[in-house]
2 protein chains.
Amino acid sequence: MTSPASLTDASTAFAELKRRLNLISDLGAAQGLMSWDQETQMPPDAARVRGLQMAGLAGLSHQLFTADETRALLEAAEREDAPGEVEADLLRVVRRDFDKATRLPTAFVEEMSRARNEAHHAWIKARTDNDFAHFAPYLQRVLDLTRQYAELSGYAEHPYDALLDDYEPGMKTAQVRRIFADLRERTLPLLRAIVAAGDATDYGVLSRPFPASAQRDFALKVAGEAFGLRPAFSRLDESAHPFQTNFSADDLRITTRFDEHYFPMSLFGTWHEAGHAMYEHGVSRELERTPLSRGASLGVHESQSRMFENLLGRSRAFWQRYFEEFAQAAPDVAAGQDAENLYRAVNRVQPSLIRVEADEVTYNFHIMLRFELELALLEGTLSVEELPSAWNARMQEYLGVTPPNDAEGVLQDIHWSSGLIGYFPTYSLGNLLSVQLLEAARREPQVAGGLERADYTPLREWLRQQVHQYGRRRTPDQLVQAATGAPLSADAYVKYLHEKYADIYQLG
Amino acid sequence: MTSPASLTDASTAFAELKRRLNLISDLGAAQGLMSWDQETQMPPDAARVRGLQMAGLAGLSHQLFTADETRALLEAAEREDAPGEVEADLLRVVRRDFDKATRLPTAFVEEMSRARNEAHHAWIKARTDNDFAHFAPYLQRVLDLTRQYAELSGYAEHPYDALLDDYEPGMKTAQVRRIFADLRERTLPLLRAIVAAGDATDYGVLSRPFPASAQRDFALKVAGEAFGLRPAFSRLDESAHPFQTNFSADDLRITTRFDEHYFPMSLFGTWHEAGHAMYEHGVSRELERTPLSRGASLGVHESQSRMFENLLGRSRAFWQRYFEEFAQAAPDVAAGQDAENLYRAVNRVQPSLIRVEADEVTYNFHIMLRFELELALLEGTLSVEELPSAWNARMQEYLGVTPPNDAEGVLQDIHWSSGLIGYFPTYSLGNLLSVQLLEAARREPQVAGGLERADYTPLREWLRQQVHQYGRRRTPDQLVQAATGAPLSADAYVKYLHEKYADIYQLG
């Protein structure tokens, strides 16, 4: 039994801990704003000092979080006998984050940060010059440090578990292997059948002129009307690499880029980021300014963006509903077209070299390839030197294409240069989860009815109830099990792909 | 003699103190960015949490600065026998700021912050409803706390000295009284002569249509070409109340507002803010991320903005140089006009009710009135209840106009509601200093030659050398004495007004 005195102590400690977490959250918002500003607003000469300022705030934030006072407050707060549900969830997540943050020696964190920074600059040069050899020693260094990171962080079965866990808490390497093997086995035949079937569609429509400002207006109109992203709590800017960030649940910032001769980039890009934004918008205000006020994982986050972008934005019902408005916004594109033509055009399946341009059927092969190569590098069965040829061989095996150079092959993504190893799988896990969630939501008649009319209000309400509101209170596993009644698998996604593309490509 | 060991201690302490000051500066930059973002970019629903976040960072910043560790580091660093010049200046300014910040009990600071916040909201309502009585008790509370603030802060002669010192370090009430009395005595006859002379100019030209985007382009073109404000290190946005802020010397943000039927607002407003911005841009990079990397005082700051806005932007040479470009940007305005017409139009002298719309001749009377009323309130010779009638009586005395209501009278400015008592005089001190500096600069033949051609590059270089580069290293007094060879006085300004307006109004 706990005496009243220690009860008071624990709850006082909790209140004090929460104040500290609020401040750390405020510092996080400031860093996020500095970063958003840097990508979208900042004058170029400001970059040098901005870098110092962001590093200063990051250091202060880390120092506040890993301080002895935080440890003492956390330990005292954990002595609470009967914490409230949110309180218990907060303590669990903070304990997890605190242990992760304090397991690494400061000198190691600094070395890793330096190595990543150098590798990032080497990668930019290597990609520009199409010169993998220039990047190789830097990647080797990142890889060595990543192995050390896994050892310092600890893991039960596989060092890759420690990496995965940063992006997809609780997910194990073995589980990803099983899911990906299943996915590969059941979708590679589909891809081959599509390729074999040939394609007489006229895709010229996708490159017809559509002025950037009109693209922007249409993308935002749909983001608001269909997906609920309102100007009252969000904004859209341009940036070189599209992203979503937010500084509170009512301060959502998304970015996109415009190509006046390829409108799908800005349209589907905006709706993708709108999916991320609406997740953060749906987090309970009760969790505000705490570490719980974020998405549960990158995979769960990606399930929301992919749902808006692909499952809804690339659905037949969507184009039936929005074709007329599209035609008003883009008369040059829509001339002589109808909803069905557009639906077909934006769902083209075509094996290609670049991940970020890949369609729904081929996308996951880009991810599997990266996952397999990361594992082989980490396990030491593949050397950095062998990486380009291993990449090219797998591209040929899965997609039947071979990069003409490394810039369009192994050097295309920023991730490895930034030390983001273990991150790629979350893209595919998000794809799979998007369909698994949508199928679960569809069991509600209101949601199913809405989907047929491209009215997504009931779906959004379901997502808010089942996923968004919890923030980080539930782990991805818990969320998926509770929302869909089953653990994550490839089943729903495989079924979705087969049905959608057998129809589009009239496969037998 | 100091032993080598304590020398090391002092310099180690200085380095550690500087790291702490860098972090506090980074936090300041983050707060500044949050505030700029709030005024120019932020979606409206974000306001509530943004307020909490800004308060969080402000508290953290104050806590870091006033901490016992800061005191210990400062004391240790001050033991350095032979500090470098910049080091000595930094220690002097930090000591000044630290003593000011720690002289006030935390409870008092919090009470003041609450009172100001409440008064601010009461003022908004009072101004909207034209109801001074609603504001009176809140202003009384602010005034009582301001008296306490002066006592806690300490002063030698007059409690108002303690207030002034926050905005104009080292400036004394007696000095302001003397300067203002002199100014009043020597410019009131000029104003009366101008009013008596009558004015046949057609000011309709000022309200001719000039589209906002074209105003923006022209304002920015001149800001760049004439005043040196380049997009590489600055940007211009719209906001309800124009301001300048910056997050480093190469990250300058100015704002303005546009009236398509009154172009002087955006043009002179932009150039005014450009003057503030170019001051911060000229601060030595050596002072970056320290408390020295700011302007010396509000008055010195205002001297820079007023110089660009009025002494240059409203000069005959300027309009001769830029009339053609203006005519291209604003053909509807320029039709049938010439440089001289425009020069005359933008220099209209007209006693009016609103300070921020006042011309060069009448502006300082608005300030003197406020200064005199602040003193009377603080000394207790005027009650808050009597304030509106005292305001109106002085408006009549100085400017010959009487506000039809308090919204256009005593309630027009935000300052008192925000506890900014002692701030107003810096506007006029800045006006006086702007001319005193320009006359000193003109002694350089290159500067004088440039002024005749509206080529301000030599002037800007002189300002950088004499004023900008020092940041807060020199006090306003030191700067003015070194740059102009004399202490601040009304002499130059009085001479300037007489010469300029005797010419414009053809006074005998």
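Every residue, even glycine, has its Cβ placed from backbone N, Cα and C.
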According to TrEMBL, A:His272, A:His276 bind Zn(2+); which one of A:Glu260, A:Glu288, A:Glu302 is annotated to that same site?
A:Glu302
Compute the C-alpha separation of A:Glu273 (active site, proton donor/acceptor) from A:Glu302 (Zn(2+) binding site), stating it in Å without decimals.
9
Hey, for the Zn(2+) site built from A:His272, A:His276, A:Glu302, who else sits with CB inside 8 A of the CB center?
A:Gln244, A:Glu273, A:Gly275, A:His301, A:Gln304, A:Ser305, A:Arg306, A:Phe308, A:Glu309, A:Gly430
Return the residues near A:His272 (Zn(2+) binding site) by Cβ distance under 8 Å, restricted to its own chain and a separation of at least 6 in sequence.
A:Pro242, A:Ser305, A:Arg306, A:Phe308, A:Glu309
Do any residues at least six apart in sequence from A:Glu302 (Zn(2+) binding site), in the same chain, have a Cβ closer than 8 Å to its Cβ, and if so which, in order?
A:Thr426, A:Tyr427, A:Leu429, A:Gly430, A:Asn431, A:Leu433, A:Ser434
Helix, strand or coil for A:Glu273 (active site, proton donor/acceptor)? Use DSSP.
helix
